[in-house]
Amino acid sequence: MTAAIRPLIAGNWKMNGLKAQLAEFEAMLVGAPALAGRADLLICPPATLVLLFGQKLGIGSRGFALGAQDCHVNVSGAHTGDISAEMLADAGATAIIVGHSERRADHGETDATVRAKAEAAWRAGVSAIICVGETQDERDAGQTLDVVGRQLAGSLPDGCTAHNTVVAYEPVWAIGTGRTPTTADVEQVHRFIRDRLTERFNGEGAEIRILYGGSVKPSNAAELMAVPEVNGALVGGASLKAADFLAIAAGCP
């Protein structure tokens, strides 16, 4: 963890969650005040719950921020089934995840697409959580830094600041598998990302939060959060349960 940068624990619910899950979120809100000194907390539910969470639970005044999982690049138009960043901001979102490996794999999103979505988030006045990470084959071939470097160069727009951008490193092979890289591996990639950010964005690059994602859970959170240049976590399955999500946040030093 970089002491000068306040950590962010972001929960990505993916395609999970019905209105019944409001009880879990309420439990998170109850536990949030005790963690106020440790980290910022963000939940990214499915789009069907963004407005409900924002309206019913008064997010923003209770120690939480609300995010979304994806957006279209355009403001509006004939794009059946898509949601614009403006719509998500209107529903209460203050951040949008873009470029998650599942979007890249399932929907063929390129670095150029991810970059355009990050710019769309900024246009709507919300921050972009831009995801990068290598596959197992790329890792086995010793290409991790090359892949991550290419994704950073192609996915991050010009003008990234600590206010409008978060970078999340998620090794694809670790997402949902229960496997995690060694802390030495995590540190190597996070230091590499920090170097690239400062080279391109100067002082702002030194302040942009870099999250680790990939099978983050209560049992390994404290160890991961202690790694230099890890400024929080992007949490998948463990963010669906209040007890697990809060325990991960409690792992921040």
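Glycine too: its Cβ is placed from the backbone N, Cα and C atoms.
A TrEMBL annotation is a machine prediction, not a hand-curated record.
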Substrate binding, same site as N12, W13, K14, S215, G236, G237 - TrEMBL member from G31, G37, G176, G251: G176
Give me the count of other Cβ atoms within 10 A of the Cβ belonging to S215 (substrate binding site). 21
Around the substrate site formed by N12, W13, K14, G176, S215, G236, G237, list the extra residues of the same chain whose Cβ is within 8 Å of the site's Cβ centroid. I175, V235, A238, S239, L240
